[in-house]
């Protein structure tokens with residue numbers, strides 16, 4: 001059976017099954033969605049969610065951690081796994097926003113703020129705290145207070161004010177809610193500069209306005225708010241410019257390498273020995289298909305890389321059918337928690353099938369490494385980050401019940417699928433069919449110039465793909481670690497496709513250069529060169545953090561930890577793509593050469 005650099009046919013069937021299952025689930029979820037229809041006076045609950053400093057998106061706390069007016073008892077809304085992982089903690093509130101009922105300066109509560117509570121509010125104002133609420137599944141935000149500079153006779157001193165009046169502006173169309181905004185009234189404030197017990201009255205108003213916007217289009221305003229028209233034009237222009245430059249550069253490299261390759265093949269077919277000596281990569285035909293060192297780990301990398309690539313494709317599919325959209329709370333994380341275990345069968349099958357092409361034994365170790373290669377570091381990272389969040393009392397700290405549910409999903413879903421995929425890979429195993437016979441003893445590798453060594457090739461193989469996606473990476477980081485809404489999944493998909501194609505082409509070019517130097521150790525090097533783009537991604541993440549206004553130990557742990565996990569995932573994906581492309585190239589070239 002000839003070797004193919006793409007996933008074996010059984011894995012393709014498994015992928016198609018997973019994709020079809022995902023489509024059916026997505027359509028079922030859409031069909032079961034509520035219509036959100038109300039009559040005048042109907043009670044529509046308003047849920048408070050979380051508070052936190054504007055500059056630290058990961059550092060959020062439960063709303064009632066600040067001494068706001070709260071109901072008795074405080075009841076937390078049941079949430080999905082993704083919502084809990086996202087740090088959402090929706091709870092009931094004293095606000096009453098009945099459908100189309102206007103209210104003017106209604107009293108929410110009257111309370112006496114103690115010195116400790118004044119200090120809490122002042123600290124929140126200093127750190128520029130905002131709070132988030134949800135009304136009919138629509139998000140709304142407002143700030144806790146404001147800082148003003150005040151002048152005395154001898155010095156300039158800041159004054160801290162707490163907003164005590166909140167105004168809601170709601171929009172409706174017929175019997176459905178289209179939008180809502182919250183405004184903190186700067187004319188109704190409480191001075192919290194001094195540690196003095198104070199009586200305060202919290203009030204709110206509700207205004208309703210009719211609109212012709214359709215209910216299904218009510219989320220568009222969040223999309224429009226994410227990019228100003230001028231910024232969006234610049235974004236498109238920069239994207240097209242990057243694509244054109246990269247396509248021209250890749251085309252030039254491809255033509256250059258193809259020209260040299262055709263000359264080499266022509267020389268190989270010529271019986272003149274002097275011309276034949278010019279083809280250096282032909283001399284290592286007996287070593288180029290030698291089994292890669294550390295086969296179990298290599299197989300595991302291919303398995304996990306293929307799995308993560310499948311997960312990303314399914315997520316793009318969910319975005320295409322409308323399941324993943326801005327402010328669909330927790331949908332992305334819920335999808336990841338379910339899709340990753342389901343695709344474990346793809347990972348273990350790929351790893352076992354590749355391992356068994358070279359050895360009939362030891363495939364179990366490859367499958368075991370596949371199960372822990374990405375999940376292991378991810379678990380350690382989440383444990384450290386969660387410990388920091390628990391110590392800070394943040395809402396991002398995962399409850400024990402959620403941790404237990406995620407572990408049970410992995411134990412009872414991912415592990416059986418890993419074993420099942422490994423058994424399939426072993427049952428339908430085949431030997432590696434190399435175009436050239438492998439010699440018993442490897443050929444000595446001549447000394448390599450500095451630009452042919454692994455570190456230099458990794459730099460070249462990572463820099464060019466990174467330069468093609470750096471613009472999209474900036475927008476993606478601003479969405480993940482800021483408050484910008486990423487609303488162009490089509491561009492993101494195209495950028496991802498360009499990244500894969502560029503990685504594959506560069507891998508072929510670098511493999512050809514390596515083989516031309518009579519260096520047959522291309523297996524691991526092709527994987528490392530392709531995955532090196534992730535190193536640049538991680539470095540750019542550090543640069544992004546240093547340029548941002550994020551601060552504090554908790555935010556630093558969250559950023560470094562999850563940025564490392566994301567970069568590691570891309571290392572595995574791009575390394576897998578790079579190796580597969582190089583394998584196709586090497587097999588094609590050595591099949592075209594007449595073996596001596």
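Placement of Cβ uses the backbone N, Cα and C atoms for every residue, glycine included.
The signal peptide annotation in TrEMBL covers 1-33. Among the features that TrEMBL reports, transmembrane segment is placed at 236-257, 297-325, 331-354, 366-391, 397-420, 458-478, 490-515, 527-546, 566-590.
Across the candidate stretches 297-325, 366-391, 527-546, 566-590, the maximum count of CB pairs under 8 A to the transmembrane segment (490-515) is reached by 566-590.
Under the criterion of 3 or more C-beta pairs below 8 Å, with sequence separation of 6 or more, the transmembrane segment (331-354) and the transmembrane segment (397-420) qualify as touching.
Where the transmembrane segment (397-420) meets the stretches 366-391, 527-546, 566-590, the count of C-beta pairs under 8 angstroms peaks at 366-391.
Sequence-remote contacts of a segment are chain residues at least 6 beyond its ends whose Cβ falls under 8 Å from one of its Cβ atoms, and for the transmembrane segment (366-391) they are 295-297, 299-301, 303-304, 307-308, 344, 347-348, 351-352, 354-355, 397-398, 403, 410, 414-415, 418-419, 421-422, 553-554, 557-558, 561-562, 564-565, 568-569, 572.
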